[in-house]
Amino acid sequence: FLYFICKNSCSCSNMASTIYLALPFALVLLSISLRVSALSLNYYDQTCPKAESIVKNIVRKAMRNDRTVPSALLRMHFHDCFIRGCDASVLLNSTTKNTAEKDGPPNISLHAFYVMDLVKKQVEALCPGVVSCADILALAARDAVSLSGGPTWNVPKGRKDGRVSIATDTRQLPAPTFNISQLQQSFSQRGLSMDDLVALSGGHTLGFSHCSSFQNRIHNFDATNDVDPSLHPSFAASLRRVCPAHNKVKNAGATMDSSATTFDNMYYKLLVQGKSLFSSDQALLTSTRTKALVSKFASSQQEFEAAFVESMIKMSSITGGQEVRLDCRVVN
């Protein structure tokens, strides 16, 4: 997400100054939510029955060469759905007349776009003009989770691809510095609940974050504390060693949890120990409802997985596109 899933080399600096354009954006979300009913589990059964197996095989091959691919694909899907719905607008390239979402500050570190290109090429060769890039991304995110040891699920399909991608829209993504009220507002604008917030935050179990996304917690935290007092002291010390106050190492950072390539509930276990990276992670412990869910998911991976699947289906059903792009990077 999003602040969300500021993993895999996430660079989310300047997001704290994000300005919410709540009313206009809410209207956009209202219009795209009306298209959710078009999705179905058997959408390609007759027109492109091999689409899902193509996606899974390519994601699996990419993972063998790069262990960061799963978190990259999951984060890409979140960032796509939170802007104009799940319409693959995050895949569009910038042009001389427009800077696209992928080049907005929170998305600069997104990668593994080549996986989408490979899938689209194979699918187009088999079923020309049938399978949307938005559906490919939703399927790839599912496979990224399941192939990392997490749950699998049937993905509703039938999304269309959007024609609009604007870098400044990425200001709407939740930032890693958000408090619980800001997170609740961000998710509710997309029809997602506090329960969805906690479940989807579990996606942080995969990946890596740059120092810029959590430096606010380990240096000059407030007028009284240099370090966020909610951080476990030894964990904070380890982060400060990796990310000194005047860090000059471009790719310095930390993994999101201690099992960063395995989809499990370790994120929640570490969160309750004061060993989470983001302020937005810690914020989940500041509400009675969300704190109770964090505790439940920390105690039961089965409960977490069930909630995650439900929330992923809900989030990925926010649609908003108009066409099936023949090339995921450019409009038809």
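For all residues, glycine too, the Cβ spot is worked out from N, Cα and C.
Keep in mind that TrEMBL annotations are predicted by a computer and have not been checked by a curator.
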Looking at TrEMBL, which one of C133, C243 makes a disulfide with C211?
C243
With the disulphide bonds as TrEMBL has them, who is the partner of C48, out of C6, C127, C133?
C127
Pick from C6, C328: which one does TrEMBL say forms the disulfide with C133?
C328
Nearest to S89 (Ca(2+) 1 binding site) in three-dimensional space, by Cα, is which of the recorded positions C81, C127, H204, T205, C211?
C81
In Å, rounded, how far does the Cα of D257 (Ca(2+) 2 binding site) sit from the Cα of H204 (heme b binding site)?
8
Check the Cα-Cα distances from C127 (disulfide bond) to the recorded positions H79, D80, E101, H204 and tell me which is shortest.
D80
Spatially, and counting Cα to Cα, which of the recorded positions is closest to T205 (Ca(2+) 2 binding site)? Options: C48, H79, D80, C328.
H79
Other than T205, D257, D264, which residues of the same chain sit close to Ca(2+) 2? List them in sequence order, counting a residue when its Cβ is within 8 Å of the Cβ centroid of the site.
G202, H204, L206, M256, S258, S259, A260, T262, F263, N265, M266, Y267
I need the most crowded of these binding-site residues: S89, T205. Count other C-beta atoms within 10 angstroms of each C-beta and give me the top one.
T205
Between C86 (disulfide bond) and D80 (Ca(2+) 1 binding site), the C-alpha gap once rounded to whole angstrom
6
